[in-house]
Amino acid sequence: MNKQVYMDYSATTYTKPEVLEEMLPFFTENFGNPSSLYSFSDKTKKAVNLARERVSKALNAEKNEIFFTSGGSEADNWALKGIAYANKKKGNHIITTKIEHHAILHTAQFLEKEGFKVTYLPVDEEGFVSVEDIKNAITDETILVSVMFANNEIGTIEPIKEIGELCKEKNIYFHTDAVQAIGHVDIDVKDMNIDLLSMSAHKFYGPKGVGALYIKNGVKIQNLIHGGGQERGKRASTEDTAGIVGLGKAIELAMENMPEENEKLSNLRGRLIRGIEARIPEVKLNGPKDMSRRLPNNVNFSFIGIEGETLLLDLDMNGIFGSTGSACASASLDPSHVLLSIGLPHETAHGSLRLSLGAKNTEEDIDYVLEVLPKIIKQRREMSPLWEDYMKNKEEK
């Protein structure tokens, strides 16, 4: 296996050299606890403050509205549990969608066991939630609406501004999981009426294990982690200075590079989509067909008569790394909840492949995938009873 092509940037990214360079002194030289009062900790305090400033600038938020966490999952947990527990006297109803990340869905299911009511809204065949459906689901008990900014599997960019306006009008808190959106979509929490927003550094070329939750001033929220008085009394635990510095630098670079990077990724995405559709019969592009409403790095196809896990292994043997819509990492054989939610039959959802592009991908990478993938699909279909049945049924029709 000579050539290696990584196309799973929605799962994680590498840490950019400029980010690592800024982080390194905080492991060995400037290691003071940012909460300590002596002058030795001044550099760490300043570094954490600078990172907070960089994040707030990227979102058009205030500095004191940014709270650092251990990642996107913690931020999502904090947003849902924190709002639910702090506002239960006002109401006990939460609205979300069926295609959220498991950090939202599993937290919502946990809250249901705690006595909260959760409405899981459907989406259309491209993954869009209807603002009208949200409006119709709101009751006197509704305290929170949580809708992801952009979907991690099929790249759908949701109508966040319209949802924000509705929530403001109804006086309901609005949270968005923006883990996939940072660096790809313009975000303005004021203009979009967002009350809470989650992010994770490792999705935009920062380190793993650090994220942030934006909490608009005045939002009533309970702490998730209790202990010391860090993060202005809202989130206990000694600050991960190096990680926070990395997040701050990474988001600054993501904002600077966004127009150029998005153009490059959109062009590569177009080349890949057109190439697959031209070379492989009976394929279905999952997610929005209008590319302006889709993440610029997202490609997700279903291949009739193919098992996703087998396809991944075949690609791996050829040095291509992507992901599947199947829950191959768990004991479950159920396909992706996202693909089922957009109406795909089980067997179609099982044969799905997500290729998510990033900074190091080139046209040569795309062409290599277009050389290898059709051969694998052809070979696997020749051995597939699913494909045989499908073609037989098609001929009969």
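One-based numbering along the chain as shown.
Heads up, the Cβ atoms here are built off N, Cα and C, so glycines get one too.
Residues or ranges marked as pyridoxal 5'-phosphate binding site in Swiss-Prot: Gly72, Ser73, Asn152, Gln180, Ser200, Ala201, His202, Thr238. Its Cβ taken as reference, Ser73 (pyridoxal 5'-phosphate binding site) is surrounded by 20 other Cβ atoms within 10 Å in the chains shown.
What Swiss-Prot records for Lys203 is N6-(pyridoxal phosphate)lysine, and it gives sequence analysis as the kind of evidence. In the three-state DSSP reading, Lys203 (N6-(pyridoxal phosphate)lysine) counts as helix. Counting Cβ atoms from all protein chains shown, Lys203 (N6-(pyridoxal phosphate)lysine) has 26 others lying within 10 Å of its own Cβ.
Positions annotated as active site, cysteine persulfide intermediate by Swiss-Prot, on the basis of sequence analysis: Cys328.
For Cys328, the entry in Swiss-Prot reads [2Fe-2S] cluster binding site.
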Length of the line joining the Cα atoms of Gly72 (pyridoxal 5'-phosphate binding site) and Lys203 (N6-(pyridoxal phosphate)lysine), in Å:
10
How long is the line from the C-alpha of Asn152 (pyridoxal 5'-phosphate binding site) to the C-alpha of Lys203 (N6-(pyridoxal phosphate)lysine), rounded to the nearest angstrom?
11
Candidates Asn152, Ser200, Thr238: member of the binding-site residues with the richest Cβ shell (10 Å):
Ser200
Nearest to Lys203 (N6-(pyridoxal phosphate)lysine) in three-dimensional space, by Cα, is which of the binding-site residues Ser73, Gln180, Thr238?
Gln180
